[in-house]
Amino acid sequence: MVKASVPCMNSGDKETSYGTCSLPQEIVLPKARPILEDTIKDMFSNVSSTDCIKVADLGCSSGPNTFMAISIVVDTFHEMCQQAQLKTSPEFQVFLNDLPENDFNNIFRSVASFTDRIKKGKGDKFGLCFVTGVPGSFYGRLFPNRSLHLVHSSYSVNWLSKACISFHVPDGIGNNKGSVYMAESSPPNVFKAHSRQFKEDFSTFLKLRSQEMIPGGRMVLTFNGRSNLYPSKQDDDWKLQLAKSLYDLVVEGIVKEADADSFNIPMYAPYKGELCEIIQKEDSFDLDKLEVVQINWGPRDVLTNEDFEFDKYQRGQKTANSVRAITEPMLASHFGEDILDKLFTGLAKYEAERLGYKLTSIVVSMKKK
């Protein structure tokens, strides 16, 4: 397998940036919020008001969503302190992690408004919140031993540490022609390669986090998952539409067929049973809660979680922009930037002809043994 970094999202605030087009990521957090809040409440009895609570958000990216999870953590602790009638609350050390290529400058420009909001809303007696950026892959060590109380990550651990592509290794997926991911037409070795790489990566992730967390520390992870046991039966198939648009460019002579055949998106959507099995086998964490949630894919219907009828071309363009926000850097690296506008124009047309569909997410809460 060829090594590849976990992809970064589009930075900045342009129309196709992650900050502008991360609506599915924005709507899944409120659905995961009850589990995150319950996890914090379970932690509360073991936390002193004189402690400094160390919280890490892994794969934070940049944009409006960056501080959403941290805000829930801070708000819930504040609520618990008020209920316990504590005169003071803990201080917070927040670590925002992503790859070095992430737009950390955008994050840092938002820190002051985040901390000002906390101070204004909760008063001077509420513990200070210190924010630090931590560049690096979460498939390596990021923090000292036994230093973290709480780890959160949303839609990040799906990204694989390596691309499951090889034309020389028998179990690679060099024969996944016509696709950019797992599809019904993909041969069995494609599914096996993705599944095996995810198991290896997630096991490594759990092992490393267990070293960095205090005994009894908590971790809440949200995955883009699947509701079907069989990997080829994906709940969302924007990747299928992206493949169609890409191979249209092959037919037009804009993209070489060999280049298209050698591109695969390095991600994996697990089934809930796979997550349980990996967590139990790695054995650093007790599985506390696991919940499968569904969200709509679309522009405004994602925001309201209701099924509205929209102009299909607007919906198609919005969906294409959302896909571009998370895939453009890797596509540009593989094909160059010249094909991107035409590629995503084609994707928008394919998406415009589709009916709305649901995305499956899996929220997991764990406790460090």
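A Cβ is built for glycine as well, from the same backbone N, Cα and C atoms used for every other residue.
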To which of Asn176, Asn189, Asn224, Asn321 does Swiss-Prot also attribute binding of Mg(2+) at the site defined by Asp261, Phe263, Asn264?
Asn176
Within 10 Å of the Cβ of Phe263 (Mg(2+) binding site), how many other Cβ atoms are there?
21
Which residues does Asn224 (site 'Involved in substrate discrimination') neighbour through Cβ under 8 Å, counting only same-chain ones at least six apart?
Tyr155, Asn158, Met267, Ala269, Leu359, Thr360, Ser361
Go through Ser137, Asn176, our binding-site residues, and report the one whose Cβ sees the most other Cβ atoms within 10 Å.
Asn176
Candidates Asn176, Asp261, Glu337 (recorded positions) - the one closest to Cys60 (S-adenosyl-L-homocysteine binding site) by CA:
Glu337
Among the recorded positions Asp98, Glu337, whose Cβ has the fewest other Cβ atoms within 10 Å?
Glu337
